[in-house]
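Annotated in Swiss-Prot:
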- His146, His148, Asp159: Zn(2+) binding site (BINDING)
- 61-200: domain 'MPN' (DOMAIN)
- 320-341: region 'Disordered' (REGION)
- 146-159: motif 'JAMM motif' (MOTIF)
Amino acid sequence: MTAPSSSSSASMARANFELNNAIIPLSSTTLDSIFAYDNEAQRAILHAQPWKTDPHFFQKVRISAVALIKMVMHARSGGIYEIMGLMQGKIDVENRTLYVMDSFALPVEGTETRVNAQNEAYEYMVQYLDHSKEVGRLENVVGWYHSHPGYGCWLSGIDVNTQRTNQQFQDPFVAIVIDPNRTISSGKVDIGAFRTFPEGYTSSSSIGGGDSEYQSIPLSKIEDFGVHANEYYPLEVEHFKSSLDGKLLDLLWNKYWQNTLSQSPLVSNRAYTTSQIRDLADKLAQTNAAVLNRNSVSSAPFTTTAGAASVRIGAGKDVAAETEQNSGGSAKDTPAGTAQDAAGLVKEFEQRSKMSAISRASNDAAKLASEANHGLLASQLKHTLFHNHTATPTPASASAPTPIRL
């Protein structure tokens, strides 16, 4: 078995990255409209500000492949510490979309839980933008990005305040969060884009930034995640590439494809996996304590808030009984009303079951197992490609007759 050449290995690695992250190649007609920057049109959009009257105005963010790679590499270089950078792009009002064409890192001081931009970072930002315009890059800053190493893509309280301030003074602005640890574990870029609601605004939709889909949040971050989950909303994220992006990606993968084959996510991400297992054990211990401390048999299993919910249900029944008594028994249950009440009760129990501690722990365990399987499959595939050299039979030996045993 012949080992694959370096060029074919680089092509396979790049193709795998593009497939996992659903990167859309642009056609020649679309290419001109996206990369052509109309300064006057952008100024007119900034003057009109249609997003001021609709907090949900922007629905999508489209990120170029080169900008995505730069942000992921920057996030990965930070290790356990958060990083921060800015993104340049333009506005598409017709499609309610923000385009991210490029990104650049900021020299900031980051910790394991927060990142702070100092005066040096602001000076660097101004100089970078000035030099960009000197070389013909007229795109304005359309957002900022930072990393959450190991704890998912969402906005903390500090992030919400930062994003809200940016939207107040230099809107349109979008916040992008990348988790480099989960990116390595899953093989797909773990990324989220968010915009905050104005202060005091109450969304008519029950879906906030924290409720768009289930996320595995560490126990130490759950409180911060839940408190601010309804103060922002997620945007759909798409990735695209041009022919020039393709050439740049070729150069990048020709340089780094060996690292893809020589490294294993099981080894490079072992600290993250260990922390996830420890967090899962803490969640299960907390769940077990909640079960042991249940005071009522009617409480939903494994739910710390089930007692309060059952009180609300019981109170609702008492109110209904009192209403029927006061009305002289005229408000009798009809079959349609009974069915509707039963359906509502079933839906409420399903919601409580999904939000229960044991359900979340089960989802976290399934996610950990899936990521471990991904790492094992990658290691097995590499072993099969480069170590199992099965001998190919020669034509002479292949054509030789098989002796017949009597």
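In case you wondered, yes, glycine gets a Cβ from its N, Cα and C as well.
The structure, with features from Swiss-Prot marked on it.
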| residue | record | CB count, 10 Å |
| --- | --- | --- |
| His146 | Zn(2+) binding site | 25 |
| His148 | Zn(2+) binding site | 23 |
| Asp159 | Zn(2+) binding site | 22 |
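DSSP gives His146 (Zn(2+) binding site) a strand state. Residue counts for the domain 'MPN' (61-200) by DSSP state, with H, G and I taken as helix and E and B as strand, are 50 helix, 47 strand, 43 coil.
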